[in-house]
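Taken verbatim from TrEMBL:
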type	residues	note
DOMAIN	270-357	domain 'Histidine kinase'
Amino acid sequence: MPVPKVPKLRRSLLQAPPDNQVLLEAVFDNSPLALHVMRSIRDAAGTIVDFEVVQANAEAERQVGYSVLGLRMRQQWPTTLTVGLFAGVVQTVETRQPLDLEQYYEGEGVQAWYRWTAVPLNDGAVVSVENISPRKQAEAELLALQLGQQRQLANAVLEAQEAERQRMAEGLHNGICQLLYAAKLHLEQMSQKTLEPVFAESQRKAVHLLSTALTQTRELSHQLVPLVLLDFGLAEAVRRLCLESCTANLKLQAIVAPALDVPIELALPLYRMMQELVANIIRHAAATQGQILITTQGSWLELRVRDNGQGFDPAVAPRGLGVRSVQDRVKLLGGQFVLSSSPGDGTWVTIRVPHSALTN
């Protein structure tokens, strides 16, 4: 197709005053952006079916390596249809509203990120093209750096929390437990035969109370350092958590994806979250049934904790420290937290954490 003779942009399109014509032409020709002046190609019904390049600057031809004058957008660059550029320029011409589009372009031998802008000009548009691949690469590198720093921060925070729990557990086991056991032993050594009946009964009650306190202290120590998690992994630890948390009025069920393999660095904070959510069910839900479901969804690990309790309105009910601590842990892991509840309809908590959390 012969290339039509096109008047200079300064005369035919911009209609600049004579004093500014040379300046405008210089700006157009020396712009670091690829600039294309395009006129609309319409069918008999007046619908835009293509655009023809009627003027382009040096950068436009340098980017593609050939002259673009007379070329048509849909014919020469059909990928403009799939990335939305053609439709965007049509909208600019018809509505007189500017276009600003960023999209990855893969076609016609090109693989790169581009930014296109368009402004209406008569029955056409001026379209600028900027290769923004370097910027996108820099943004990706910055994001990777930020994620790495976030993981390091999460590791440091969680390790500090676990170290404090370990210290507290050792203090309970080696300190308070030993003192309770010694006090219980001394009381048991007192012969009830030599005691007045009232003191004998008090001794029996004191021994019982000390036994209960000793049992509860040991359980607390084990909760602070979940040995079952360290020895058998997350799946078994969750099953044990549900089993040990069941009461006469509350049944808890654990459903875990087969062959679930979670590194201990990630399993530990996940287990802490489930401990807190189960505790919330016991303390606040007035539920008779609860369930923990752990599945894998692509590159994400998903946890769902639900109950059939009294529920609440999340918009008005104050959230306790437990829920906030779970949200904070999820945020540190770069995950997602969703809470759904309504009065009389139980509570759902969904947590999604990337497998890459806490790993480099």
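Cβ atoms here come from the backbone N, Cα and C positions, even for glycine.
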Average pLDDT across the domain 'Histidine kinase' (270-357), rounded to a whole number: 87
Residues of the domain 'Histidine kinase' (270-357) by DSSP state, where helix covers H, G and I: 28 helix, 31 strand, 29 coil
